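For reference, TrEMBL has these:
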type	residues	note
DOMAIN	B:19-530	domain 'Cytochrome oxidase subunit I profile'
TRANSMEM	B:38-62	transmembrane segment
TRANSMEM	B:82-107	transmembrane segment
TRANSMEM	B:119-141	transmembrane segment
TRANSMEM	B:161-185	transmembrane segment
TRANSMEM	B:205-228	transmembrane segment
TRANSMEM	B:248-273	transmembrane segment
TRANSMEM	B:285-306	transmembrane segment
TRANSMEM	B:318-336	transmembrane segment
TRANSMEM	B:357-377	transmembrane segment
TRANSMEM	B:389-415	transmembrane segment
TRANSMEM	B:427-454	transmembrane segment
TRANSMEM	B:474-495	transmembrane segment
REGION	B:516-537	region 'Disordered'
Amino acid sequence: MTSVSSSSEFHHQHHFKSADHQYASSKQGIWLFLCTEILMFGGLFVGYLIYHSLYPTVFKNGSETLDWKMGAVNTVVLLVSSFTMAAAINYVQRGLHKIAAVMLALTIACAGAFMVIKYFEYSHKFHVGTVPGKFSLVDPSCAAGGKRAECESKISALLKNPAELEKNHVSTEEVTRLKAVISQPKWEMFYGFYFVMTGLHGIHVVAGALLIFWVFIKTLRRKVGPEYYTPVEGVGLFWHVVDLVWIYLFPLLYLVG
Amino acid sequence: MSSAQTKTEHGHTDHNYLNHGSGIWSWMTTLDHKRIGLMYFATVSTLFLIGGFFALGIRLHLAKFGATPLLDPDTYNKFMTFHGAIMVFMVIIPGIPAFLGNFILPIQLGAKDVAFPRLNLASYYIFIAGALLSASSMIFNQVDTGWTFYTPYSTAKTSNGVILLVMGAFTMGFSSILTGLNFIVTTHKLRAPGMTMDRIPLMIWALYSTSIIQILATPILAITLLLIGAEKALGVGIFDPDLGGDPILFQHFFWFYSHPAVYIMILPAMGVISELITAFSKKTIFGYRAIAYSSVAIAAVSFLVWGHHMFVSGQSTLAGLVFSIITMFVGVPTAIKLFNWISTMYRGTVTFEAPMLFALGFMFLFTIGGLTGVFLASTGMDVHFHDTYFVVAHFHYVMVGGTLMALMGGIFYWFPKMFGKMTSDLGGRISWVLIFTGFNVTFFPQFILGAMGMPRRYFDYLPEYTNLNQISTVGSWLIGLGFLVGLITIIHGILKGEKAPNNPWGAKTLEWQTTSPPPHENFTTTPTVTAGPYDFR
């Protein structure tokens, strides 16, 4: 973009008839893109549905080992961020740049908080050995193709060692749950889904935060305003979809079981 | 774009998009859909040569049975994988939409550019990034799974190069989605005044339907490829029976994209053919609406037929039956198109310049490809033909005989518009004769080989298959020669071609109403459309 006077700053691109025309086209574009996002997660949801029906006990036990409190806090964090994002769009539309920037900063803060909570959740999972299939094994030769039945999982090794339990902050309640999990064959399946679904969602949260940072800068520089707020709205829509996916992931993984 | 440039552009009549800004940097950063189209042309052609190199390697190897004269079994598998992956993901899928589509779609709509020019350039670079990522597996960690990455082999047995290749394909899928999205919004929002949806050229209808498939199917491929990567890197277990997963689920996911992808490859080709047939018959297209809506119909049905790839995977007889019947439905809209093209030629003033020869070649080869598809759609026959050279011949007839023929026809047809110069018609015709002949010599024997039971993807065969394999290999060299002649004709046209008139073929669609090559913004004044796209009489 060339640095021209602020009046032509909001001028529409040469191939559109008017600013409204450009806005309508951009809106259609972002909605189409969001459809593809939903479809991509849809593949995972289909897979989840199939395996949940195949191994209901595995999913129930696996689900019980997840910390629903952390998930619930994260849900609230994302819902708040949805609100601040929507408010930011509203303030940009009304030309209130300062408060809009504050709202965008809050949204980024929420995204950060979400990822921090996720980090604690993940790291605890790694400590107790509830990790995707290949890494759930203690003996590397098992991962390289040994008979799985003869291999011992990280969890069962952990459960045999009280000192380790202490070190990893595993409560007696959690021990019961972990034992219930590994008593089932194919228990790794649940964590496969858990990590792929929340991992892909986490990548979207990070991407969303970066995009919000981009419109945050735009807002500070007054590149957006009442005449032109397409990027803020587009990023906002993306962010709402990221929230929406979590709204489905949370009950599916943490609550339904 | 600053306003100063626009003014000088209108000041000079010989100003066109090719000399609108000069130097490599002006190309690398261009937002002009025409230049981006040409950049895809260069990229896809290069990749085509690489994919072709692997093809010739495979065929050369198979010229002799018994001892391994050229490739050891591992290398053969790698050649086969790279040939398939490059040709499918990097040549045939982006070939017509990203290259011809980018160039033609906005001009045919009377638009100045696509809706999102920056996104368009971004798609190009995403494509390049994906292609490089995939190609890096050729250097670091070769893949031998075949382009379908079937589990459990791809996740449990083979090298980690699979991760590179699938992440590259994932990235290219992203590019494909963004291009499709751009086309849909452009078609909806940027049509010239008077160009209603029932006045848009059939090429646009084809690209529009293709874009719908790209938007709806590619995300499924994306998640499938991500899962393959995750499976390989982390062993998540979704496709691993050891952990309770199901390798067949991979096939469902994969073909849910990859069967519609076949129509991403062929629908734009059908669009090109519709343009060529009407232009070289000098006659209004017969059954405009039927052809237009049949594109949408093919797009819709394409999502319901993936199970015909899995007749022998152990799916239920009922599922096989249902998929078999729905698969045959695809023949209906396809036949509608074919009969309409023939009706267009009937009592038309048909001339046989190079593009028209390619169009006729398309109709001939695609018909054979389509009819043999009916064999494969029949559950009983498919059990016999499954994973034999019959299948290889069938999809080469559809993809190469269909898409590449149309691509070549489209290149020769729109070449004057792209470069403002004419290609040698003789060169184009020689290229056509070689490709058409070579193609039939290569792939027709493979139908027979398949019926005799020669399995696909094997690096060696029984002595009784020798003769037909040798014929096939000779044919492959004819094809190679044909494309070489085509390439020389194109390069010669760019460097030394005569100056092209604005409308060398006397065609009626909008792109021929502007100068050759078009100005930066396609038209000096926005055209107003008052009639259908093909009013010859």
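Cβ coordinates are placed from backbone N, Cα and C, and glycine is handled just like the others.
Broken down with DSSP, the region 'Disordered' (B:516-537) shows 0 helix, 0 strand, 22 coil.
Note: the stretches the transmembrane segment (B:389-415) and the transmembrane segment (B:248-273) are in contact (3+ CB pairs below 8 A, sequence gap of 6 or more). Per-residue confidence over the domain 'Cytochrome oxidase subunit I profile' (B:19-530) averages 94 (mean pLDDT, predicted model). Sequence-distant contacts of the transmembrane segment (B:474-495), counting only residues of its own chain at least 6 positions beyond either end whose CB sits under 8 Å from a CB of the stretch, comprise 45, 48, 52, 55-56, 59-60, 408, 411, 415, 419, 421-424, 427-428, 430-443, 445. Residues 88, 92-93, 95-97, 100-101, 148-151, 176, 202-207, 209-210, 213-214, 216-218, 220-221, 223-224, 227-228, 238-239, 295, 298-299, 302-303, 305-310, 313-315, 337, 341, 359, 362-363, 366, 395, 398-399, 402-403, 405-407, 409-410, 413 of the same chain, all 6+ positions outside the transmembrane segment (B:248-273), place their C-beta atoms under 8 angstroms from a C-beta of that stretch.
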